[in-house]
Amino acid sequence: MSALARIGRFLGDNPVIPLLILLALLVGVLEFMRPGILNERWIGNTVKFAIPLAMLAACQTFTMYTGGIDLSAGVVATVSAFVMATLVPVVGTGPAILLALIPALLIGLVNGIGVAFANVHPLIMSLGTGLIGTGCLQVYQRFVIATGSEVPPFLTWLGTGVTWGFPNSLLIFVPFAALLIYAQSRTGFGRALYAIGSNKEAARLSGVRAWQVYLLLYTLSGLVAGIAGLLYVGLIRAPSLSLVNPLLLPSVAAAVIGGTSIFGGRGSYAGTIVGALILRVLDTLLTLMRMPEGMRVLLFGLIILVVTAIYVRLTDR
Amino acid sequence: MIRVLRNQAWVLGLVGLLFALALVTKAIQPTYSASGFESLARAALPFAFATAGMAVAILVGGIDLSVASMMAVASVTAAVLMEGAGVGTSIGVVFLVLGIGLAMGAINGALIVVTKVPDIVVTLAMLYVWEGVALLILNAPGGQVAPWLQQLIRGSVLPWVPNALILAVVGVAIVWVPIRRSKLGLAIYAVGSDPLAAYRSGVNIAGTRIAAYAICGLFSAMGGLTLAMSTGIGEPIPGPYLLAAVAAAVLGGVVLGGGIGGLVGPLLAVLILRLVRQDLTLASVDPNVTTIVEGTIMVGVVMLGGILALRSRRS
Amino acid sequence: MTPQPVLDASGVAKRFGAVTALSDAALTVHAGEVVALMGANGAGKSTFVKILTGALKRDAGTVRIDGTDSTISSPAAARRAGIVPVYQEPALIPDLTVRDNLRLGDTPVDPFLHWTRELGIESLDLSETAGRLPLATLRILDLARALAAEPKVLMLDEMTAALPTNLVERVLKTVRYQADNGIAVIYISHRFTEIAQLCDRASVLRDGHTVGDVPIEPGVEDRIVEMMLGTALTSSEPAPRGAEARPAGKPRLRARGLAAGTALEDVSFDLHPGEVLGVVALEGQGQDELFDILAGFRPADRGTLEVDGAPRRFRHPADAIAAGLTYVPGDRAHALLAGRSVRENIALPLTARMGRWGPIGMRAEAEKVAAAIERLQIDTRAQGEVQRLSGGNQQKVTIGRWLAKGVETLLLFDPTRGIDVRTKGQIYPLVRELADQGAAVLFYTSELEEVRRACDRAVVIFKGRVVEVIEAAEATDERLMRAAYGLQTSEGAA
C-alpha cells in the first residue's frame with residue numbers, strides 16, 4: 001500500500017515517465033499487430049500530425065494552469081489558416097502570414113479582456129468568441145470567394161517536408177516546446193500562471209495582478225493557436241472553414257492525458273506533448289484494427305477516460 | 001417581494017428581452033404570423049431539451065459535454081426501432097429511449113463519481129463514447145420515426161401556442177418540477193453550491209451527482225427524440241447542440257460552478273436566441289451574420305453580468 | 001461502577017499513504033460531561049474528529065456508542081448515532097435559504113428557532129439566503145441546528161474562533177447548560193480560558209496517540225502544554241520594552257481617520273520602524289477592514305495613509321507591497337498555493353510584478369528561499385507541496401515569503417490562530433527580531449496575552465474607533481478586555 005503510494009507520489013512529481021511508458025506500450029502493440037510499421041516514414045508522419053495538435057494543446061495546457069481553458073483555439077487556428085491562404089494571392093506569403101495572425105491575437109485579446117475585466121469564466125468566454133470567430137470567418141469567406149486561396153510552398157515545406165528523416169515542422173516545434181517548458185517553471189510569468197490556478201487569492205496577496213496575467217496569457221494563447229493553424233494548413237494543404245475545429249477536443253484531451261489539472265495549479269507542457277503523441281498513435285492503432293468507425297470513436301473516448309482515471313488514482317493525495 | 005425580485009431579476013430581465021424582441025419582430029415583419037412562431041418553436045425544441053439537461057449538470061456543479069452525443073444515440077435508437085413499427089410499439093420505443101437516456105446520464109455520473117476525474121474530462125471522453133455508440137447503431141442517417149410522432153410536434157392547439165412549445169414546457173416541467181420540490185432538488189443545489197457543507201449536512205453527494213447527470217441524460221434523450229421527430233430520421237453525428245446548450249444555460253442565468261439558477265431562464269434564453277436568429281433572417285441579413293450576433297449577445301451578456309457582479313460586490 | 005460512557009473510542013489509527021496521522025487515539029465521554037480534546041497542530045486532532053464524525057474511515061480501533069460497536073461510515077451515520085458536529089467552517093449551503101438548509105438536514109424548525117433565540121440571535125428570516133448572513137450568525141445557526149437535532153454527543157471544533165466575545169459567552173453558557181442536562185460534549189479549542197470555563201476534563205493527543213486525560217482545575221494549563229509538547233515548557237518570552245525604548249523619529253506608517261464600510265469609523269495611529277504595535281479588538285470592530293486597507297485589498301472610504309511621509313492609496317495588494325507593506329492573513333488557506341512547492345510559495349512575491357515576469361535567477365532565488373526556510377526553521381521534509389506540511393509550518397511559509405522579499409512593514413493578522421504552542425513560541429521572537437532589524441510590525445491578535453508576549457504597545461479598537469493605546473507592560477487582560485468592550489479603564493483612560 002505504501003509502496004503504491006510512493007509510486008503514486010513519484011509519478012505525480014514526474015508525470016511524464018508513465019506517459020512515456022504508455023506511449024512505448026502503444027507503439028509496441030502497433031508493431032506487434034503490424035510488424036514493420038515502425039519505420040522512419042511512419043514515425044515522421046505521426047510526429048508531423050502530432051505537432052499541430054501539441055501546439056493547440058499548448059493553449060489548453062497554459063490556460064489550464066490558471067484554471068482556465070481556451071475553447072476558441074480551434075476556431076482561431078482555422079481563421080488564421082483560412083485568412084492566410086486567401087490573402088496569399090493578394091499580398092504575398094510574408095504579409096499574408098503576418099496579417100493572418102492579427103485576428104488570432106485579437107480573439108485572444110478579447111478572451112483575455114472578458115476573463116480579466118468582466119470575470120467571465122474562460123470556458124464561456126472562449127466559447128462565445130469562438131462562435132463570433134466562426135461567424136466572422138463565414139462572412140469573410142463571401143468577400144474573398146473570388147480571390148481563391150493558396151497555401152504557400154514555405155508552409156507546405158514546413159508542414160509536410162522531411163529533412164534527413166526529421167519532419168521540418170520540428171524546426172518550429174522544438175524551439176517552441178523548449179521555450180514553453182522553460183517559461184512554465186523558470187520565468188515569473190510561468191510562476192504567476194501556476195499561482196493563480198493554485199490559489200487566486202494568495203496570488204493577489206503576493207502582488208500578482210491577475211488581469212495582467214490573463215490578458216497576456218489569452219493573447220498569447222490566441223497567437224499560438226494561430227501559428228498552429230498555419231502549420232496545420234501547411235500539412236493538410238487545403239484550407240476550409242472548419243479546418244482545425246476537429247482538433248479542439250483532442251487538444252483538451254492531450255493536455256488532460258498529459259497530466260495537466262483542469263482545475264489549475266498543476267501540470268507540465270512536456271506531459272502534453274507526450275499526450276498528443278499518444279493520441280496520434282492511438283488513432284493509428286484504432287484505424288489499423290479495421291473496426292467500424294463507431295467502435296473506433298468509442299474506444300478513443302474510453303481510452304482517454306481510462307488513462308486520466310488511472311492517472312488521477314495514482315496521484316490521488 | 002423585493003427578495004423575489006432580486007432572486008428572479010435575471011429571469012425577469014429575460015422576459016423583458018423576449019418582449020422587446022417580439023416587438024422588434026412585429027416591426028420588421030408586420031405580417032409575422034403564428035405559423036412563423038410554430039416553426040420557430042419546432043426548431044427550438046431539441047435545443048430546449050439539450051439546454052435543460054446542460055443546466056441540470058451545471059447546477060450540480062459539473063458540466064456535460066456529451067449532451068449532443070447522447071441526443072444522437074437517442075435519435076438513432078428511436079429511428080431504427082420505430083422503422084415500420086406500429087403505434088403501440090413506437091410508444092414503447094419512446095419510453096425505452098427515455099430509459100436509455102436516463103441510463104447514459106447515470107453512467108456519466110457514476111464514472112465521474114467513481115473515477116474522481118473532473119466532470120468536464122469524463123464527459124469529454126463520453127462525448128466520443130456515445131458518438132461511437134450512435135455510429136454503431138446506425139452508421140449513416142437513416143431509419144424512420146413513427147409518423148404520428150412526427151405529426152405530434154407540428155401545428156398548434158391554439159394560435160400562437162404551438163404544440164412544440166407545449167411539448168417543451170410540459171416535458172421539462174414533468175421531470176423537473178417534482179424533483180425541484182423534493183429533497184433531491186435541494187440536494188442538487190446544495191452539492192453545486194458547496195459539496196463539503198452538503199456532505200456534512202448528510203447529503204449523499206455521489207448519489208445526487210449521479211441523479212443529476214441521469215436527469216441530464218433524460219433531457220438529452222428527449223432532445224434526441226424531438227430532433228428525430230422533426231427530421232423524421234435518425235442522425236448518428238451529433239448536431240451543434242453542445243455549445244449552444246452551454247450558451248443558453250449561461251445566458252439563462254445558470255452560473256458555471258453550480259448552485260445558482262433554474263430551468264426557466266435557460267428555456268427563455270433558448271427562445272430568445274432562436275428569435276434573434278429568425279429576426280435576422282426576416283431582416284434578410286446574411287445568415288452568417290447570425291452566428292456573429294448570437295456569439296456577441298452571449299459574450300456581451302455574460303460580460304455585462306460579470307461586470308455588474310463585480311460592481312455590486314464593491315459597493 | 002461508573003456509568004457506561006456515551007462515546008468510547010480506543011486504539012483509533014489512521015494512515016494517509018506513508019504518513020501516520022493517528023496511531024493510538026482514545027477518548028471517553030460520559031453523558032453530562034464536557035471534554036476538551038487538545039493537541040498541538042499535527043497531533044492528529046482534526047483526523048480524530050473526522051473519524052468520530054464519520055467524515056473519514058478509520059484503519060483500526062473501536063468506537064463504541066452506548067456500549068455497542070459502531071462503524072460510523074458517513075456523517076449521516078454519525079448523526080443517526082447521535083453524534084452531531086459543528087465544524088470550524090460554516091456548514092450551511094450558501095446558495096440555499098436557511099429554511100431549505102433545515103429541510104436538507106432534516107432539522108425541525110421550531111427547536112431550531114428556539115435555540116437561535118437562546119443563543120442570542122433575536123430576529124432571523126428563514127427565507128434569507130444563507131450566503132448573505134454574517135459569519136458569526138452562520139456559526140450560531142450551525143450550533144442551533146446541531147442542538148435542534150438533540151444530539152447525544154455534541155462535537156464543537158474551534159467553533160468560537162470567528163465569534164465576538166459576547167456570543168462566545170452565550171455559546172459557552174448554553175453548551176454548559178446542555179451538558180448539565182445530560183448531553184456529552186467534545187470541545188476542541190486552543191483557548192485555555194474557554195476550556196477552563198467550560199470543560200470538566202481534557203484529553204491530550206500528541207503525535208497521533210492519546211497521552212493523557214486530566215481534570216480541569218486551576219493551574220492545569222502548564223500541565224496540558226507539557227503533555228502536548230512532551231517536554232516541560234521553557235519560557236522564551238521576550239521582556240516587553242518600555243515606552244522609553246520605542247524608536248523616535250518619523251513613523252513608517254501614519255494612519256489618520258481611516259474609515260471603510262460600516263465597521264471601520266475612524267482609526268488613527270503611528271507605526272514606527274523597530275516597533276511592534278498590537279491591535280486588539282473584539283470580532284467585527286473594523287480590524288478586518290483596517291488590514292484590508294493597509295494590505296491593498298480595498299481602498300479607504302475616508303482618511304489618509306502615509307508611508308514614510310508620502311500619502312498613499314492602494315488599489316491592489318501589489319501597490320501595498322511596492323510601498324513595503326506586506327500582509328500575513330489569519331487564514332492560511334487565503335495565502336498558500338496548496339499544491340505548489342515551498343520554494344514557489346516563498347518566491348512568489350519576488351516575481352509577482354509584471355516587470356519581473358522574465359527569466360528567474362534560479363540560484364539567487366534558491367539562496368533567498370533557503371535563508372527564509374533556515375530562519376523560520378520550516379520543516380521541509382514534504383516541500384514538494386505545501387499542503388503536505390503541518391499547519392504551523394504552513395503559517396511559517398506565509399511569513400517566510402516576506403522574509404525572502406525583505407520586510408519593511410509587516411501586517412500580521414492573528415498569525416498564531418490555530419497554531420500549536422511550539423510554533424507560536426518561534427513566531428514571537430522572530431517578530432521581535434524583525435522589529436529590532438528595523439521592520440515596523442502591526443500585529444492584530446485575538447489572544448490578549450500576545451500583547452504582552454510580542455508587542456510594544458497596543459491600540460484597542462472598539463466600534464471602528466481607537467479607544468485606547470496601552471503599553472505592553474501595562475496591558476493586563478482585564479485592562480485590554482475592558483477597553484475592547486468600550487468600558488472606561490479603572491485607572492482612567494489617557
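Here, residue 1 is simply the first one shown, and the rest follow in order.
In case you wondered, yes, glycine gets a Cβ from its N, Cα and C as well.
TrEMBL lists transmembrane segment at one of the ranges B:30-49, B:210-229, namely B:210-229. Where the transmembrane segment (B:51-81) meets the stretches B:120-139, B:160-179, B:210-229, B:241-272, B:292-310, the count of C-beta pairs under 8 angstroms peaks at B:210-229. Across the candidate stretches B:93-114, B:120-139, B:160-179, B:241-272, B:292-310, the maximum count of CB pairs under 8 A to the transmembrane segment (B:210-229) is reached by B:93-114. Each of B:120-139, B:241-272, B:292-310 was scored by its Cβ pairs under 8 Å to the transmembrane segment (B:160-179), and the highest score goes to B:241-272. Same-chain residues lying 6+ beyond the ends of the transmembrane segment (B:292-310) with a Cβ under 8 Å from its Cβ atoms: 247, 250-251, 273, 276-277, 280.
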